[in-house]
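Swiss-Prot lists 2-160 with the feature domain 'Obg', giving sequence analysis as the kind of evidence. What Swiss-Prot lists as domain 'OBG-type G' is 161-338, and the listing cites sequence analysis. Taken from Swiss-Prot, the feature GTP binding site covers 167-174, 192-196, 214-217, 284-287, 319-321. As annotated by Swiss-Prot, Mg(2+) binding site applies to Ser174, Thr194, with the evidence given as sequence analysis. Taken from Swiss-Prot, the feature domain 'OCT' applies to 359-437.
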Amino acid sequence: MSMFLDTAKIKVKAGKGGDGMVAFRREKYVPNGGPWGGDGGHGGNVVFVVDEGLRTLMDFRYNRRFKADDGEKGMTKGMHGRGAEDLIVRVPQGTTVRDADTGKIITDLVENGQEFVIAHGGRGGRGNIRFATPKNPAPEISENGEPGEERNLELELKVLADVGLVGFPSVGKSTLLSVITAAKPKIGAYHFTTIVPNLGMVRTKSGESFAVADLPGLIEGASQGVGLGTQFLRHIERTRVILHVLDMSASEGRDPYEDYVAINNELETYNLRLMERPQIIVANKMDMPEAEEHLEEFKKKLATNYDEFEELPQIFPISGIAHQGLENLLEATAELLEKTPEFLLYDESDFQEEEAYYGFNPDEPEFAISRADDASWILSGDKLEKLFTMTNFDRDESVMKFARQLRGMGVDEALRARGAKDGDIVRIGKFEFEFVD
C-alpha cells in the first residue's frame, strides 16, 4: 500500500517583476528623440487549483519548492516586457493551507476547480519613458522589478465525506465499507489495517446517495498523537454524521461500552465540535456467539448516562460479513444526513486576513530605525525595503531619486532625531551608505 501523506510543508515564491529599461530614441531626422525605455513585465503568481483526481499530498514529499517565472525586462522603443505565466500547483479537495510562520489558516480548498492565488507576482519596474518631465525630458531613471511574494506554507488534507466510520481497530469498519459501497479497502485481522482513509459512495434503495469514509483505526491517546492519532481525527472533521462501529462479539476481550466511551473521549479532546455531530451506533458482528448478551449489557450501561429527557443515540445491530441489518442502517443514515447541516470547521478568528498586495495600510509604519553593535544605523520596513529593491543603483539619477524618496518619508529627519551624525554608516539590507547632514 502506498503511504498516505496528509500534511506537507512547502515554500512558494512568486516571480519577480521585470526591470524597466533606460533607452533613448536615436533615429535619423529625429533629433533629441527622448526616452524610449519600456516597463518590465509582471512576475508570475503561484496559484493553487483544486483537482478532484488527487487523493493525497504525496507529490509534495518530493517537490517542496515552487517558484513562478520572472517577468521579462523592458525593451527599447517603449515596448513592455512580457508578463510571466502563473505557476499552477494542483492540490486535492479538502486541503487546508496555513501560513507556517503565523500558524493562521490562509484558505480552505474544498471545491473541484477552486483557485486561490497563494503568492502574488511582483509588478514590473518602470522604464525611463515613465519619468520624463518638462524639467527632465531625458531621464536616466528606471526601476527594478518588484520582488515576488514568498511564503512558507503548511498543507493539511482532510478527506471529504458525508459520513465517517469510527471505532477501534478491527471492529469491522473496512468490511462494512466494502459491503455497502464499491470501495475495495485492504482488510486483515490485525490492528491498524487501515492507514489510508478509504472512500466509497453509498446508494440506498430509496435512491439517496452519500459518501462514506472508513478512517484510520483509533486508539486511546489519539488526540495526543498516539498511534495514527491526529491523522485520523483530522479527517473526521469534515464529516456530518458519525457511524460509531462497535464489536459486539467482544472477540478481542474488550468491553464494547468502554470502547464507545474511549473513542468519544478522544473526539471531544481533539475538537469539542466533533461531539456536536450526530452519531449512530453500529453494533457489528451480531452473528457471533454472545453478541446479543453484550448488546443488552451495552444498552443498559448507555441508558445510565442519559437522563429521561435526553434522546438516546440510535443503535443498529448488523453483521457486515453476513450482510445483515444493513438496509435499515443506510436508510436511517440518509435520513439523518438530510436534516444535519454542514459544520463550520474553523472559527473566523482562525483565518489570516489576506491584505491586498499593493494595498495601503495607514497603521503600518513606513520604516523603523535600530542601532547595530558596530554603531551603524539599520533602516527596515516593508515600504522602504520595497523602494530599495526597485531602485536601479547603476544609474546616478535613480540613486538621487531614491535619496529624495527617503527624505520625503522623513528618514533623514528621524536619523537626526536619533543622534545620527555626518559620516555615520546607514544600512538597508546588505547595502550601506554614509549619512550626510
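A Cβ is built for glycine as well, from the same backbone N, Cα and C atoms used for every other residue.
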Secondary structure content, the domain 'OCT' (359-437) (per DSSP, counts of residues): 30 helix, 17 strand, 32 coil
Count of other CB atoms lying within 10 Å of the CB belonging to Ser170 (GTP binding site): 21
Averaged pLDDT, computed only over the residues in the domain 'OCT' (359-437): 87
Between Ser319 (GTP binding site) and Ser174 (Mg(2+) binding site), the C-alpha gap once rounded to whole angstrom: 13
Ser319 (GTP binding site): secondary structure state under DSSP, collapsed to three categories: strand
Between Ser174 (Mg(2+) binding site) and Lys285 (GTP binding site): CA-CA distance (Å): 13
